[in-house]
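Here's the structure we're looking at; comments come further down.
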Amino acid sequence: MEFIKKLEVWFIVGSQDLYGDEALKQVYANAKQITQYLNSRNPFIQIKLKPLATTPEDILAICRAANYEENCAGVIAWMHTFSPAKMWIAGLTRLDKPLLQFHTQFNKYIPWNEIDMDYMNLHQTAHGDREFGFMVSRLRKPRTIVVGHWQSESVKQKLDRWMRVLAAIYDQQHLKVARFGDNMREVAVTEGDKVEAQIKFGYSVNGYGIYQLVNSINAIKEEDIATLVKEYEADYQLVDSLKEGGEKRQSLIDSARIELGLKAFLDKGGFKAFTDTFQNLYGMKQLPGLPVQRLMAQGYGFGAEGDWKTAALVRAIKVMSYGLPNGCSFMEDYTYNLEDHNEVVLAAHMLEVCPSIAEDKPILDIKPLGIGGKEDPTRLIFTSKAGCATASTIVDLGNRFRMITAELQAIAKPQDMPNLPVGHAFWKLEPDFDTGTQAWILAGGAHHNVFSLDIDADMLRTFAEYFGIEFIHIHAKTELADLKNELRWNDVAYK
């Protein structure tokens, strides 16, 4: 995630020449103070103050410059005074970076004894931002609005959350996804229009032969494998058969070789997300379980069975949640515990669940895998942390992409499961099991999802809105009749 350190957000402050030089100097001084304060609080992305925007020509020049500045991830616009919005038409029409409208004002409180018309003219965000907001709406331009005083903790949190989405948007527009093999045969939802995805999101998806990956795996040096195995021993609880001298020790060494070869291939090609499928493993000793789990923990996106849309979304949410404590993972609704009025989803996958979500130190084990026809694969076994969470997916409906995000309550495991050989999570659906399940299925939600304990639906909505894709939110107040209407209306709106 080193690229995040290079990013910047441009702060554009609107006014007009009508107020005169002294007032404009004060506007800029106030904007500079706000910028310095926000940057002093370690924002996710640093803010760069630009010259005042007081004429149509100024605004157009700044917006064009933002488009062409590679490291500019987005733009914050604030109307300190009134800034006639027709001046903003040319610039906003051309701006293609994410936009945040910052509805704040320099002074937190009205100076009751001193306030006069000079003060009123200088501090006009209350109606200056309404003028600006009208034009953004008139142009049908997506934007995030943050309301509140610039020194408040809630504003800092809102700005940081928006910046995290910016980083994910930036990354998607530069992302390369590698596919090893094709889709799992006859599976529908993992298919999709890769050309349209590149047009809409910016990321590219290309396929590579398993032999190319195998060549990379076979080129790994023995000393590098030994170093990685020591890392395994330090980070995880190894079962006896994988410890030095154990009867399955060679399988652990093979896993290390696969991990290093896979990472080398991805890094050489600049890929930050990838897919594989158990039906295309020619030349490999085992399906990559542990290697995929560890690469996800390092920030790579992943989708099983050729699911490139989910691989890209895992990567996006990995970027959004960089530095946060609870993790996210590729995931699948697997089976249910249907106790009356206490239904629980057991979510997992064959192998590939990211240990960033683990509650405790994972167990590194080796177990048979009934599909794929290869040697027993190593894998990390653990239970997810508990807490508020989301499950998200993107599906291709033929004429558009739809993102679906469901709010969840991840819970501690109800009972021990000594024979379950995979990483897993337990959750309860919002608003209840029946409604939440029906809502996901009605919306066409995939059987794969991205499970996150850090990223909420509002952030994912912002992500979807920027790319102009449909967003369906399943939450504690979801009513099926309302959802059916929303889906019906969206079919018309997105034609």
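Quick reminder: no glycine exception, Cβ is built from N, Cα and C everywhere.
What Swiss-Prot records for Glu305, Glu332, His349, His448 is Mn(2+) binding site, and it gives sequence analysis as the kind of evidence. Glu305 (Mn(2+) binding site) carries neither a helix nor a strand DSSP state and counts as coil. Glu305 (Mn(2+) binding site): 23 other CB atoms within 10 A of its CB, across all protein chains.
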Beyond the site residues Glu305, Glu332, His349, His448: chain residues whose C-beta lies within 8 Å of the centroid, for Mn(2+): Gly303, Ala304, Asp307, Thr310, Phe330, Met331, Met350, Glu352, His447
Binding-site residues compared (His349, His448) - highest count of Cβ atoms within 10 Å: His448
